[in-house]
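Single-structure report; data block below.
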């Protein structure tokens, strides 16, 4: 891809995200989301493979529908209430339409079908942007409107996302699709606590990004797209593949790794809100995710491929791992001791 075109796309992504996050007016928020959608399309379709073109087309259609729904929601609210302010979204129909629009943008159940397909059609670096950076503006809009949203609807969608993210990921062999279903499952955890403690949703999102970024970067470094190639990738950079297991277990939420912190806080908050059955259900559903993270870890580090055929071993590379990757790996594994600082924060 042309460096100037790539720079323009990335700058537009930053601009669109900034406009949405900092805006008070619905039309400005919508404009930022549209800039984001148009900026990511060249990055999705840059390989010119039919699968990438298909992914870009699907992404454009889905995001355009979601943006139209969001604009319709804000116009309905302005018609009845006379307010274009984001925090003044109070009309029930507008709240329902907004929940649907943001769910489509994020890929939450039941609007999740596009997300795994698009992640499968793009490169790992673009997939990383889709799974992390592009979800920040819609989540910001959810946070700003959280007092007006329907708790029952959000809880239902959250449990469904956690369940489907776990179930659908069990049968996958493509690493990008596994990470897509992992993202859907984590969105469930973020949505379930949104109405009760919006700050916790933001912490969960930040920590999810912190854990997902090194996994994508590691898979990109060892050039692994499916489980069969993952089992032979350990010969390339053994130390990186070994830490991949810890990163995956952190994403699954096992103590004493970073990923345990958001799950622990969410379950604690749900119990305080007297939603113990919901907390129990979503905690049990996270076990489904744990299974496919363990399978990924098993393929990456514990198992050797069968050597019945003349299989070409990959050469160990002498390349040093990038500083960015190692920094994120450290944070994704060892951040749990900092949890008292989060509790102490106002």
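Including glycine, each Cβ sits where the backbone N, Cα and C put it.
According to TrEMBL, the feature domain 'NADH:quinone oxidoreductase/Mrp antiporter transmembrane' maps to 23-287.
Annotation comment: TrEMBL describes 56-76 (among others) as transmembrane segment.
If one looks beyond the transmembrane segment (96-115) by at least 6 residues along the same chain, the residues whose Cβ comes under 8 Å of a Cβ in the stretch are 33, 58-59, 62-63, 65-67, 69-70, 72-74, 76, 89, 130, 135, 138-139, 141-142, 145, 149-150, 153-154, 157-158, 160-161, 163-165, 180, 183-184, 187-188, 191. What TrEMBL records for 96-115 (among others) is transmembrane segment.
Sequence-distant contacts of the transmembrane segment (152-171) (same chain, six or more residues past either end, CB-CB distance under 8 Å): 96, 99, 103, 108-110, 112, 116, 177-178, 181-192, 194-195, 275, 278, 281-282, 285-289, 291-292. Sequence annotations record features per position, and here TrEMBL assigns transmembrane segment to 152-171 (among others).
If you look at the transmembrane segment (178-196), the same-chain residues 6 or more away from its ends with a CB under 8 A from one of its CBs are 106-109, 112, 115-116, 119-120, 127, 131, 135, 139, 142-143, 146-147, 149, 151, 154-155, 157-166, 168-169, 172, 204-205, 208, 212, 215-216, 251, 262-263, 266, 269-270, 273, 278, 282, 285-286, 288-289, 292-293, 296. Per TrEMBL, the feature transmembrane segment maps to 178-196 (among others).
The feature transmembrane segment is assigned by TrEMBL to 202-219 (among others).
Look at TrEMBL and you will find 240-261 (among others) tagged as transmembrane segment.
Residues or ranges marked as transmembrane segment by TrEMBL: 281-304 (among others).
Residues annotated as domain 'NADH dehydrogenase subunit 2 C-terminal' in TrEMBL: 290-343.
The transmembrane segment annotation in TrEMBL covers 324-345 (among others).
As a quick check, the transmembrane segment (202-219) and the transmembrane segment (324-345) clear the bar of 3 or more Cβ pairs under 8 A, pairs 6 or more apart, so the two touch. Beyond the ends of the transmembrane segment (324-345), by six or more residues, the same chain brings 203, 207, 210-211, 213-215, 217-218, 221, 240, 243, 246-247, 250-251, 255-261, 265 to within a C-beta distance below 8 angstroms of the stretch. The predicted model assigns the domain 'NADH dehydrogenase subunit 2 C-terminal' (290-343) a mean pLDDT of 76.
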